[in-house]
Structures are given as structure tokens and as C-alpha cells.
Amino acid sequence: MGGIADSLLLVSLCGLCTFLTGLSLSAIATNGAMKGGGPYYLIGRALGPEVGVSIGLCFFLGNAVAAALYVLGAVETFLKALPSAGFFTETSTKVNGSVSKPLQTISTHDLQIYGLVVTVILCIIVFGGVKMINRVAPVFLIPVLLSVLCIVIGIFMAKKDDPDTGITGLSADSFKDNWDSMYQNTNSDGIPDRDGKVYWNFNALVGLFFPAVTGIMAGSNRSASLKDTQRSIPVGTLSATLVTTLLYLVSVFLFGAVANREKLLTDRLLTATIAWPFPIVIRVGIILSTLGAALQSLTGAPRLLAAIANDDILPVLNCFRVADTSEPHIATLFTTVICMGCVVIGNLDLITPTVTMFFLLCYSGVNLSCFLLDLLDAPSWRPRWKFHHWLLSLLGALLCVVIMFLISWLFTVVSLALASLIYYYVSIKGKAGDWGDGFKSAYFQLALRSLRSLGAKQVHPKNWYPIPLIFCRPWGKLPENVPCHPKLADFANCMKKKGRGMSIFVNILDGDYHECAEDAKEACKQLDTYINYKNCEGVAEIVVATNMTEGFRGIVQTMGLGNLKPNIVVVRYPEIWRRENLKEIPTRFVGIINDCIVANKAVVIVKGLDEWPNEYQRQYGSIDLYWIVRDGGLMLLLSQLLLTKESFESCKIQVFCIAEEDSDAESLKADVKKFLYDLRLQAEVIVITIKSWDVEGGSQQDDSIEAFNDARKRVASYLAELKEAAKREGTPLMADGKAVVVDEQQVEKFLYTTLKLNTTILRYSRMAAVVLVSLPPPPINHPAYCYMEYMDLLVGNVQRLLM
């Protein structure tokens, strides 16, 4: 139907596709040792386990279905040669609307019966192992070579004076008449019929012919059985591709000149009609060649499935796992069952497009793998096969996609959807596997280029992302096998918009680096496991230092690269310090804050982490901000990020501003509203004049005043001890290992201001979902103990507080 012109284009197109794929396959196969699995192994190691498994399973299905295609082809040829072997009645067909002569058609039931029997016999041979397959291989190969020889002789010896048979011999007139295409309808048996339901065009012929060039993976499918894969696969694949493509092209010329169009359309075994001197050899050769191809498919497909199962990516495939030297018997049975199911369908033309899609999908994966590896040019990419280029691989991949859509856009969409579903299933249910694939290399190079493009200049506010440094263990010792507070990852996720952004979880081990290096690696694994369990995008880092202070200073200075350094330090509030009498904590706490100020890092202190909600605990009420000093809008940003989480999405934001005088309240409120409007933030503004605060009756105020008085007594006692020690030793007032200057009136003022702020928070925000307040910086030259007293007074009785 396609004529000589379209047939040449068809063979060239398919041959070019397989040749380019062979070049890519040769390059990847010669880049290191190649284990079992063939193209799956190559694609998986280049594009990652998810892509490898999805394409590998599709390729397995393609091979299993192709086996059925070859079995049906062999059975059809056998029944054509011996019509009496059929069990069911055959019918005549029409040619171009008129009965030319009775043409017998093969019953679908005969195809099914003989096909199932042949499939079982082939399965028994496959069960015998590779040695048995190699022994029977010459039985399939020799008749095929003899058939080709008989066909060529028959073409040149064909009679030219018998036009009634449709055989014209090698004729220029026949060549000219058959040059152009003449597409038409056929019946289900492929016989031209004006009333036929099947219409043929070039696209349909591509789908029909392409399975004839799908044997290029036969060698790689048996890669585990090859002695030298790096030599056998390139030489065998490319030589076979070139020889068969040349043979196809020559056949188009010869058959286009040896018979008229009607003969070419109606005689489905024209090769046997022309062959000389033994036409029967052609039928035997067709049967044995198709059975050999079916045997190759039934041999390669189970090994492919076993290789996927052995990689232990999908637990559901564990039943197909085998030892390295064992035969995949269970996988062979499963492949045979699939093959039998397709044989029962009994229609070659329905099966071929399905096979074609799966093979083209695999070929495109091989080409994309070579394209990616060639383009990235990683240090490990050193293939022995030098005749490759990323442009050729890209052309091969695009050609595969074009052919897929040429054949059928519907089959293409279905096959891509199936591969996508398998990919999604593997990414959800599969086990993680790091094979050093090309995508990881691409991510690495992309990250390097992005880092260089960001530079070291300050990031524009529009492009600013919070990169929190989560300090896991600054206070006390956690229980065994607990890397950090269980709610830290929940809080870290609340600091990201829609999960985007990176968190760095850091822990510090006290000790000598050489002695604690192995402990640090184990702790890092535990911390990384915790991060993954919490579905938090972050990395784990463990630092060994002589003490906590030195370790933290090193982290703040060196963690990160360029503009990807952490910009927010998150620390839990040390609520245990007074309960467990940990006197070193105030110094460490103040030191962390001061170090962050020097390093120009924002600081978020979390109080009430035990009560922090997870993603399933919905919160109601308000998120209250007490805006005391200008903080660059960090509190506003954090409140907006909280609203993007399901647990806080039902809350509203309230901004409390502290005014010195009553007269400043209205103007301050208007300024803040305008500021929020410009930032596109929805929030209620409430102005409080702190000088109008008065002590009202009630247990709430009584508790605050009692806490205030207790703090005054403890501070007075602490300062008295410092003065006594200084007087006794004859030194200046010393605290935390350094000289301090204490203004008792200023200490009293700080305590009183903190008391008023705490009482205001309890009055307006006792029922708030979370409270955010500006963190007062530690006063210069004040003892850390005094600052800790201020903080304790500020956070008292507040359930959930961010400072």
C-alpha cells in the first residue's frame, strides 16, 4: 500500500531510530561493568531508580507481548502452509469489491489453540536455561539464512512471461507502477476490501513495521550471560542493525520490481511464492525465525523482571528475586501467562502498536540517558565507545517520540500514562536507591551554577527565603536515640511557604573530634532519619567541638555557602534551667543571642514547644504579635507563614503596638495599618499605651506580682553574692568570667517593664493560638543571670510563645 517510496522512507526512519539508539546503548554499555537487566540497568543507573523501574517494567511488558506477536506470526504461517491443519471452517474474502478468487482466511480459534501450544513448548525450552537456548539457536538461524538465499535467487529467476500470476520478474514497469502509494481499506485479515473496517496510511504502517526492528536489545537483555559486555553489545548490536536495515532496503527495491500491486497486496506469503528452488524452506524459515524471536523475548523478559526485583526497589516484586547464577523460573511463568493472554486475543494488527510503544519508550530512555550523561560529562563518564555525541542521542530520543505519535497519539498517551503511574507508585512505595544517576549529577551542577549566580551580595527582600538553622540540643541531655525535640521539625515546617525552603538541623557533640568522629556519623544518621520521618525538607549536620559555645560559634560562621547560609537561628527556650538548677544555661543562652547579633542572624526563641501542634491538630483563635521594636518585619512574615499551614489556617492575625503616650495611639494605629496595607497583609491593629497599665485585682495580677517579687529577691541575692565575692577577692564585679557593671535601678526598670509586658500578654492573648513578641537584646555588661530572670518573667504563664 505504501509503495516503494513510502516503504523506503519507512525503513529508513525506523532504521535511523534503532541505529541512533544502538550508538547510545554502546556508549552507556561501555562505561563500566554492566550487570543483568539490560536496558533497565542502563536507564536506571543513568536516570535514577524511579525512571529505570517505570521504563523497565514497560519494556518487560513489551517483550512479553512481543513474544505473543511472534508466536501468532509463526502459527499463521503454519496454517497458511497447511490449511487442513485448522480445526474450524474458513471463508472467502472480496478483493476491491469483486470476488477475484476464493481466499482462505485463518480462524482466530485456530490461532489461539496452536498459539497456546507453541507458547507452552517455548516455555519448556526457556526453563532449560541459557545452555539449552544456545543449543537450539542454530536450529532457528540456519533455515532463516537459507530462506534469504532462496528468496534472492527466486527474485532473479522469476518468469517475466506469466502476467496472470502477478509475478512480472524484475521489471522497470512494475517498479514504476509500484513507486507511489495506494492506501485503502482492508478486512481484519489484511486483505484489501472496499467495505473493510481497517484503513491504512503511512502512520499505521509505521506501527505495523516497527516490531521488525525491535531486536536490538536482545544482546543487552542477556547482559548477565555475556562474557565481555563492553565488546559484545556494541559490535553485535550495531552490526545487526546495519545488516538488517540494509536487507530491508534491498528487499523494498527487489519486491517493488518483481510483482504487480495486486499480487503484493493479496499474497501474504509472496516470499514463498517467489523462492527457488525450495519454496517450502521459506515457510519453515518464517516459522522458525518468528519462533526464535519469541524464544528471545521469553528469555530476556523474565531476566529483566528478575533484575528489577533483585534491586529491591519495589517490595511487591520480591517474589521474582533470584540468585545471581539461578534461572528466573517464577518470572518465566509470569511472562508466559502474559504471553498466553495476548495469544488469546489472536489479532496481530491489534498487538503490534502496543509492542511498538513499549519498545519506543525504552529506546527513548536509552537515548535520554546517553544525552544526559554526555551533556553533564561527569568525571565518571568515560565510555570506551567513542562514536557518540549528545546531539545524536537527543535526535534519537526525539525521533522515538515522533514515531510514537505517528503511530497513534492515543496509544502514546496511554503508554506514557502507564509509565507515569509506575513512576509515581515507585516514588511512593519504592525504597530509596542512590545509584549515582545522571539526575543527581544534573542537580549538583545546577546547584553550583545557581550558587554562583546568586553571588555573595545581599539578597533582595522579594527573593528572601527563610533558611532556619535549627539548634537541636542546646540545653540538657535528651533521652537515648532521640536526636532532638520531637516537635522541632513540625515548627520548622511552619517557617516555610507550601513546604518550600531548606532547614538545617544542627547538633553539637562535646569532645575530641578524632575520638567522636564515628559517634557523630551515627548521630547524623539518626537525625536524618528523624527529618525524613517528619517529611521536613532539611539536612542534618553534627559538629564535634570542645564545648557548646565554641561549637555554636563555628556553626554560625561557617554553615552554608554564599547566599545559601542560614539566616534564622531557632532555639528552644531553656525552661528546664531553674527546675534542674543548670547554672551554665544563662551564660550559654545569652552567648547564643549575642553571637547571632554579631553574625547578623535573626533569632527565634520557641517557648512551649511541647504544646506545638502537628499538621493534624487544627488551631482556632488568633496569632498575636506584640510589636515593640522594629525587627525588619520578621514577626509579620512568620505569622503569614503560619497561616499557610492547615493547623493555623483558621486563625486571624492581631498586631499589638505599644505606645508611650495616649496621644500617640491613633497616629501609631494609622501608620501601622498603612504599613500592613502596603505589604498586602490582613491583620487587626490594636494599640496599647503601656503607661496606662494599672494593676487590677484578680488572681492573674496577683500571680504576676508574686513572680515579680520573687525575681527581685533572687536578683538581689545574686548581686549580693557577686559583690561579696568581688570584695573578698579584691577584684572588680565579675560574672560569667568577665567584668560586669550593674545598675540596680536599670535592673529594676527591666524587671518592671517585663512584668507589664507579660501582664498585657496574659490580659489580651491568654487564648491565642500562638504569641509572637520582639526579643529584647541582652543589655551590655549585664550578668546573664539577670537577663534570664527578665526572660522568665516575660514568658511566665504564656503557653505558646515565639520571641
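Yeah, the Cβs are placed from backbone N, Cα and C, and that goes for glycine too.
TrEMBL labels come from automatic prediction, so no person has curated them.
Small disclaimer: the values here were computed from a predicted structure and weren't measured.
Looking up the ranges 269-295, 620-646 in TrEMBL, the one annotated as transmembrane segment turns out to be 269-295. Checked against TrEMBL, the range among 238-257, 298-317 recorded as transmembrane segment is 238-257. Packing against the transmembrane segment (330-348) from elsewhere in the chain are residues 60-61, 63-65, 67-69, 71-73, 76, 108-109, 111-112, 115-116, 119-120, 123, 126-127, 188, 294, 298, 301-303, 305-306, 309, 319-320, 322: each is 6 or more residues past its ends and has a CB under 8 Å from a CB in it. Among the stretches 111-130, 198-218, 238-257, 396-426, the one making the largest number of Cβ pairs under 8 Å with the transmembrane segment (51-72) is 396-426. When pLDDT is averaged over the domain 'SLC12A transporter C-terminal' (486-607), the result is 86.
Ranking 111-130, 136-158, 269-295, 396-426 by CB pairs under 8 A with the transmembrane segment (198-218) puts 396-426 at the top. Look at the domain 'SLC12A transporter C-terminal' (486-607): DSSP puts its residues at 59 helix, 29 strand, 34 coil. Most Cβ pairs within less than 8 Å of the transmembrane segment (238-257), among stretches 111-130, 136-158, 269-295, 396-426, belong to 136-158. Cβ atoms under 8 Å from those of the transmembrane segment (396-426) belong to residues 13-14, 16-17, 20-21, 23-24, 49-51, 53-55, 57-58, 202-204, 206-207, 210, 313-314, 353-354, 356-358, 360-361, 363-364, 367-368, 371 of the same chain, restricted to positions at least 6 beyond its ends. Residues 66-68, 70-71, 73-74, 77-78, 80-81, 118-119, 122, 125-126, 133, 136-137, 139-141, 143-144, 146-148, 150-151, 153-155, 157-158, 167, 215, 255, 258-259, 263, 339 of the same chain sit 6 or more residues outside the transmembrane segment (269-295) yet have a Cβ under 8 Å from a Cβ within it. Sequence-remote contacts of a segment are chain residues at least 6 beyond its ends whose Cβ falls under 8 Å from one of its Cβ atoms, and for the transmembrane segment (136-158) they are 125, 167-170, 247, 254-255, 258, 271, 274-279, 281-282, 284-286, 288-289, 291-292, 295.
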